Each structure stands twice: as structure tokens, then as C-alpha cells.
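Quick look at what Swiss-Prot annotates:
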ACT_SITE  Asp382  active site, 4-aspartylphosphate intermediate
BINDING   Lys512  ATP binding site
BINDING   Asp725, Asp729  Mg(2+) binding site
COMPBIAS  7-23  compositional bias 'Basic and acidic residues'
REGION    1-33  region 'Disordered'
TRANSMEM  102-123  transmembrane segment
TRANSMEM  136-155  transmembrane segment
TRANSMEM  297-319  transmembrane segment
TRANSMEM  326-354  transmembrane segment
TRANSMEM  795-818  transmembrane segment
TRANSMEM  857-882  transmembrane segment
TRANSMEM  924-944  transmembrane segment
TRANSMEM  961-986  transmembrane segment
Amino acid sequence: MADPGDLESRGKADSYSVAEKKSAPKKISKKNANKAKLEDLKKELEMTEHSMKLESLLSMYETSLEKGLSENIVARNLERDGLNALTPPKQTPEWVKFCKQMFGGFSMLLWIGAILCFFAFGIRAVRDTNPNMDELYLGIVLSVVVIITGCFSYYQESKSSKIMESFKKMIPQEALVLRDGKKITINAEQCVVGDVVFVKFGDRIPADIRIVECKGLKVDNSSLTGESEPQSRAVDFTHENPIETKNLAFFSTNAVEGTATGIVVRIGDNTVMGRIANLASGLGSGKTPIALEIEHFIHIVTGVAVFLGVSFLIISLAMGYHWLEAIIFLIGIIVANVPEGLLATVTVCLTLTAKKMAKKNCLVKHLEAVETLGSTSVICSDKTGTLTQNRMTVAHMWFDKMIVEADTTEDQSGIAHDKGSLTWKSLAKVAALCSRAEFKPNQNDVAVLRKECTGDASETAILKFVELSVGNVMDIRAKNKKVTEIPFNSTNKYQVSVHEQENSSGYLLVMKGAPEKVLERCSTILINGEEQPLKDDVIEIYNKAYDELGGLGERVLGFCHYYLPVDQYPKGFLFKTEEEQNFPLEGLCFLGLLSMIDPPRAAVPDAVSKCRSAGIKVIMVTGDHPITAKAIAKGVGIISEGNECEEDIALRLNIPLEDLSEDQKKSAKACVIHGAKLKDIKNEELDKILCDHTEIVFARTSPQQKLIIVEGCQRQGAIVAVTGDGVNDSPALKKADIGVAMGIAGSDVSKQAADMILLDDNFASIVTGVEEGRLIFDNLKKSIVYTLTSNIPEISPFLMFILFGIPLPLGTITILCIDLGTDMVPAISLAYEKAESDIMKRHPRNPIRDKLVNERLISLAYGQIGMMQATAGFFTYFIILAENGFLPSYLFGLRSQWDDMSNNNLLDSFGSEWTYFQRKEIELTCQTAFFTTIVVVQWADLIISKTRRLSLFQQGMTNWFLNFGLFFETALAAFLQYTPGVNTGLRLRPMNFTWWLPGLPFSLLIFVYDEIRRYLLRKNPGGWVEKETYY
């Protein structure tokens, strides 16, 4: 037991953690200190204040119940411990966030390209009197693209994490305390350890307090534990676990009923809420899968660019080019490899999907989270409100020795039961009179099930059920006016009220409560309207029914009544409920049972089934009771029919659990793990549970345990999605690869910690999100393969220009017209492509093996389709030059004469003279034709990019945005070359319409080639073609 001296030694240490041994001072780095603090916060809550004797507690804190703390001790404690407030975490400055968007990932590649362009232009400016401005224009355009895209991304993600601000909203503003024998109201931040505080209905608890006096106090712990029912408090120490014990109330939870006096035992960061706040804000969530994919893609593109650039630098030097010329070639090749429009395409594609998901009730806070959900392999789902409706409903009744399913439909069209039974009529009447819930006013036109009520969840469920089954409850209560009442308390576990009888001068006593407590006060039971002695055979039937309903995870209440004798209790009798009652609470007549449950949402079983077929493991993680959790898990299919837990096997074999053999234990594919088991669990043990069982339920879990479960799944290599709505979920939401908060029932804290918010709180919406996430990953692959394919016909002219000395077939500005002009809308249109039929039948992608950009994609884009496109471009180029007198064989090695400004009489293949100006005009016409041919072959590339496996004839052409993309790129290409002024500025020339035609056969060839490739993919799954070309 602690002594008073302990208090001084504590200082500001977190006394939840194990006390540290004194050692020689040791310098600890800030990083290590933060890591140690985080590890400490992850530990289970440890405290002894709830188990200490009250005298010892008062002595330790130098306080008393009569006078409270003295002002001297308050001042000392304030100086030592600081204010009762949460320490705000270090905020990332907005300019740092902006710079991350501007220079992170793909943007850096474009910045390097822009800098190289400016460098190349600088070399030209120093060397030439009239330098070519292409590199300068390209550098400027690249810079503008990065700045615009960076600003757009920053704007999209500006709603950054504000977790601690949400916690601040939960902090109570004022507290009523006892100091120097006087009750005073103070700012809650001024509360100190040892303060005696007074709490009443409607207050927010100002700190973690030990209850020392209590009158029916109930607190809403849902934000901390996930339990939707208000929890009663008491002065008794009832559990070793501080979260479970009744004599503690926690900082920022709400008092919903009664009054209490308590002693402050923890303030600020040391409170349970403070620990969760610091844990949530201290966790790093790491890079998203799509960010890692883009990083991987950058490595590939950079590797290819640098390899080609350096190779041709060496080749050009070996061929006798001047070193300055060779460096310009190097820069040109590297820049030509940069897909300038891809950053904007990826950002826009993710934004479009985010908007699509918002229409389906998934609000995405961070763009990259769109794809993360599609990569998810494990979903750790909360139970209350996500899998269930967060609305207690009467599910079953037991009367006349039968279990009957309750009909809670609005029009009473569900399963019918005998409403003519006199027992049922008595049970319904008593349920109506016992329920203290009431409908809020001005809701006459609202359906019963949608009406708002005052009262706790169970009372509300009874009120609505009786209203639907019998009729107007308020009329029943008005005709049977309440005379007196003994409220429910945690000791008696029942509630009693006495009512005037309708059309009679007598009184009716009614009771509801824990079935075993109600039954022990009864001597008779009503069966088929007749009162009969309560015999053993009836009690046995009752016990079986009680066990069955309890086994379904339902909350069971018992009901009884007693007609008070008129001669002993005449009209006007004064009933006493304090101390000794003057009316009987024994020898009552038992009526039956009502059982309630928070029912599963209708769409959830189908959603869980879809997850299973998509290879996603759904794990339930809840703060609720294991029996309830297991029942809901079975109801929604998380534990599927036929799969058993170890307890089920032992029950079926009728043997003790410990007697199960290893083989029998291994045959249990499902398991329900109590949070207590996770308290001191080693990583290896948790990993074994996660590996050995396909269907898992974690019940009675703390925030720290939820976090441990997420980390355990991530150790297995899983991409983890976590759903939650309470403050207790925020650390797990933050740590998960994608945190999904509830929009309706979710706390502000959980919403800020999450990456995505479900606007309808429905688990089925997550499955929709998974499908959209998988679809955008597929469609991003299609956009990238489409965009990268045109890189080869863009790079190869430059390489031919260097290697074979031909006139430049494609200019730098023309490349920009493709990457930032004609290719942009078609690439974005692929984001609208519908899912291929197998999208939710395949397993989640493996982040290590299944890359966004892999060798097969590069091989197809560069080595196959890209080569065909380059051939088409050169075919058109050579045709036009041949038509103008320069045969292909004559062009090789002609570059130095062609670009010589002083040579104005260059002879062509047929002996005609060409001035420098004439040559440049035909060169620009050839570049325009090359550009136009790329657009024509990109038609086929866009169409084949629609699917990765299916035939176009299976997929169809129903993507109207893509159809518009085909028209757009054609119209834009025509506009750029035929509009006076625009064509001059972009160094394009209007050309004969016949020169659009040479690319058409190649376009058809690309389409036929890829149809055959995909046909072979479908015919021989897993064969050579799939291994080499399926991207």
C-alpha cells in the first residue's frame, strides 16, 4: 500500500506505468525518449487507486471529504503537476505540408527534368547566338505543371489531422470542488490530484476520479470502451481492471443519471483519455501503398532514363560529337523519358474516384486512401453501429412456456404470435408501465421506429416494441397512473413501481429486472392466463429458455406483477420506498421474459460474404461482452456456419475445455479472444492466433489492445483497414493503413484520426469502397500503360537523330503537345472504366509482388506496343520526306548539312536545291505528321487499355467519357495544327489530310495484336503469355 510520501516522489511521472528504477543519469536522445514514451502508452493501464482503502487514499493525497484540499496544497500540486489539460502535439507547419506536395514523390522527377531543361538551354545560350528555345519552354511548362498539381494536391489534403483539437472539445469547462471546506466552481483545468469534486446528471467528468459517495450515478463510457449502455457507478471496488471497476469515473465521459462525489486521482495527460490522446497523436501511419507504388515507378522511370541517357552520352562521344552537344543529348533523352502529364493524371483519377465514393457514402480525407482500401487484406471492424444498427431492439419473448420471436416491423407484418393470450397482454402491459422511456414531443407524423426518445437504449427498445404491438403506451400509462417507484440499482438489479388500476380502486405492483432476481421474488407464474404455483418443472423450462436467449448474445429482462389487496392498500394509501417498504416484494407472479439485442445491419452478412470471396479477412474487435460479440459475429457471418471455436467443440463433445487434444484445438478455425488474454501477450503468441484462425473475434478490448491487434496484422504483411467510432478507436485508426470512422455515431476524435469517413455508418459501404479502390488500382495501371506507351515514339526520334544523323523527326514542344495535351483526357477517361468481371473474386494484391508498374507493364508499353507506334511514326516521316524528294537512304548522316544555316543549296535525292528555311518548314511538317500519327495509334492504345484480360467485345464501349477522349485527342490534334497562330507558336504546320492515313494500318495492327494476346491469356491462364505480358 502506498504511503503519503509516495506523492512527492511521483512528480509528473505517468503513474499508470511501472515505476522506473533509479539509475545513474543517462543522456537519452529525443527520438529514443519519444519512442520510449510511445511504448509506455501502449502498455495496459495499471493503477491501484481504485483498490486502495479510502483512508489510505485520503492520507496519500492529503485531503479530506469534509474540507477537501487546502489552498497551499492546491498551489503545490499545480506547480508540480501543471494544469489539468492535454499537452498539444507538435504540429507540422503548413509550409512543410505544402513543400511535401510540391517536392515529394513524382513531383521531384519533374523538377529534376525542369532543372535539366534550364541547364541545357543555358549551354545552348552560351554556345549559340540564336539558341533554340525548346528546352526553355519545356522547363517552364514542367515547372508550371508541378506547381499547379502540387497546389491542387495540397488543397485536397488541407483538411489534415487535427486530433488534439477534437480532444480539446471533449474537455469539461468547469468543475464543482471542495476546498478549505467551501464548495467552489473552478475552471476544470485548475483541478489537481486530491481535489474532492461533485458530479451530477449532465456534467462532464473533470478528471479521473475515485467515487466515494454515489446516488444512482450512470456514466456514458461509450467513447472510451465502446459500450453503448450507460454504466452504473458505485463506491465499491468491483474489478482489478480499472476500466471494469465501478468505483472509477473517467475524464471527459458524461454523467447521464444520478449524482456522486469523487476524489481526483489523475489529471491531464495521465488520465485514461490523456493516454489515448497522446498515443493517437504520437503514432505514425507510414506511407500509403499507392505512395510506395509511385516511388517504385519513379525508380523504374529514372533507371530507364539514366541508363538510356548515359548510354547515348557515351555513344555520341564515341561518334565524335562535341562534349557540350553530348550533354544536351543526355538531358534531352532524360527529359523525353519523363511522362509530364502522369502526375496530373494520377491526381485527377484519385480525385474522381474520391467523388464517386462520396456518392456511395465513403468520404475520403486523403486522396491516397482511395487506393489503400482496395489493397486491404484485413478489416478490423468495430461491432456497435458498424456491423449492428446501434439501436437496441426486442428480439424474443418467453411466456406461456414458449420462446416467441418479436415482431418489430412498423406495420406488424413480421412473424405473428398469439396476441390473444392473456399472459401476453399482462406482459405487454407490465412492460409498458415499467419502461421509463418516453417519446420526445412533436413527432406525431414520424414512424415509431424513427421516433427519438428520452431514456436509455433498453428502455427505448421496450417502449417502441410495446407501442408497435399493443398501441399507445402513453394512454396505458395515463390509465394506470404511477404512484411510487423504486429505481433500478446495481445491488438489487430490479426496478419496481406501483400503479393505480384502470376501472378499479386497487393498485398494481410491477417489476422488471435481471431475470434471476425477479424470479426469486415470485411464488407463482401466469400460464395461459392462469396463475399457477412456480414448480421445478416450470423453472427448468424457464432456465433452458434463459440460457438459450443469453447464448444468442441477447440482454434478457424478467417481468412480474402483483395485484395488491384492496382491503390492505385502499385508494390513497401512502406507499413508502425509503428504508423499509410498506408493501410486499415477495410472493409475486412471474409473467415472462423480453430479450433485446442491437441487431446486425441488413446488408452486413452479404458484405462480409463479399469480403470473404475477395480474400479479405474480417476480424471483429469490440469492447462488448464475448457472448454478445460471438452471437453478432455468427449472425453476420464473421464466424461462418459450420466453423467452431474451441469452446464449441468442447461443448459438442461434452468434455472440459482443457481436455481437448492438440488436433481438436487445431480443427477450431474460429476463436473468441477476451481482452484479458491480450494483457501480457507476446508478439509470437498473437501472431500464432492470427495465423492459425481464419475467423477471429476480440471482445472486451482496450484502446491499447486494439492497437496491438492492428500491429500484429501488419507484422503478417497485411494491409489493414480499421473501423471505429469512439475515442478508444483513435490509436488503432491512426496506426492502420487506412482508418475508417463513422460519420453519424463517430466522435470528432475518431473522424480526425481516420483517413475515410462512412457517412451512413454501414459496414457494407466499406465493401463498396474496397471495390472502388481495386478498380482505381486497375484503372491507374491502364492509365499508366497508355501514357507510357507513347514514350517510345517520343524518345526514338531523338535517338535516331543522334545515332543516324537524320533530321529531327519530333520536336520537344511537340512532345509536350502529346503529354500535356492529346494524352491527358484519354488517360483520365480510363478512371471511368467499369470493373472487369473478376474484380471482387480475386485475392487482395500482394504489395511486394503485385506492383502498380512492373516489368511486364514496361515490356508491353515500351517493347511491344511502343515499338509499333514508333514504327508507325517513322513510316509517316519517311513517306512525307520521300514525297518531297528525300528518300530514306539519303537521310542517314544528313543532319550536319540539314542544320547548317549557311547551306542554302542542299540537294535532295533527285537533285533539287533546298534552302535552310525550306528544309526547316518540311522538317516541322514531318514533326507534325509524326505527332498526328502518334495520336492515330494512340486511338488503338486507348481502346486496348480498357481491359487487361477481357476482350474489347466482352467489355464493350460503354465508357462514354473514354469515347469522348477519342474524339477529344483527335479534335485537339487538328486544332493545334490547323489553327493559325497556335500552330506557329507550337512549331506545327497544317498538313495534307492524306498524311493522317499512314498510321491507320498500324493502329489496326496494335488492336489485333493485343486482342490475340488477351485471347491467349484467357485460354491459357498461368501460361507463358500471362507470365510475360499480364501487367
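Note: Cβ is positioned from N, Cα and C throughout, glycine not excepted.
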Contact ranking winner - 102-123, 136-155, 924-944 against the transmembrane segment (326-354), Cβ under 8 Å: 102-123
Ranked first among 102-123, 136-155, 857-882, 924-944, 961-986 for CB pairs under 8 angstroms with the transmembrane segment (795-818): 924-944
Tertiary contacts of the transmembrane segment (924-944) (same chain, 6+ residues out, Cβ under 8 Å): 786, 789-790, 793-794, 797, 807-811, 814, 817-818, 822-823, 826, 829-830, 865, 868-869, 872-877, 880-881, 952, 962, 965-966, 969-970, 973, 977, 983, 987-991, 995-996, 998-1000, 1002-1004, 1006-1007, 1010-1011
Cα-Cα distance linking Asp382 (active site, 4-aspartylphosphate intermediate) and Asp725 (Mg(2+) binding site), given in Å to the nearest integer: 8
Winner by Cβ contact number (other Cβ atoms within 10 Å) across the recorded positions Asp382, Lys512, Asp725: Asp382
Long-range Cβ neighbours of the transmembrane segment (136-155) (under 8 Å; 6 or more residues past either end): 97-98, 101-103, 107, 110-111, 113-118, 121, 335, 338, 340-341, 343-344, 347, 367, 812-813, 815-816, 820
Other CB atoms, at most 10 A from the CB of Asp729 (Mg(2+) binding site): 34
Where the residue listed as 'active site, 4-aspartylphosphate intermediate' falls in three-state DSSP terms: coil
Whole-number Å value for how far Asp382 (active site, 4-aspartylphosphate intermediate) lies from Lys512 (ATP binding site) (Cα to Cα): 31
Residue pair Asp382 (active site, 4-aspartylphosphate intermediate), Asp729 (Mg(2+) binding site) - Cα distance, angstrom, rounded: 9
Asp725 (Mg(2+) binding site): secondary structure state under DSSP, collapsed to three categories: coil
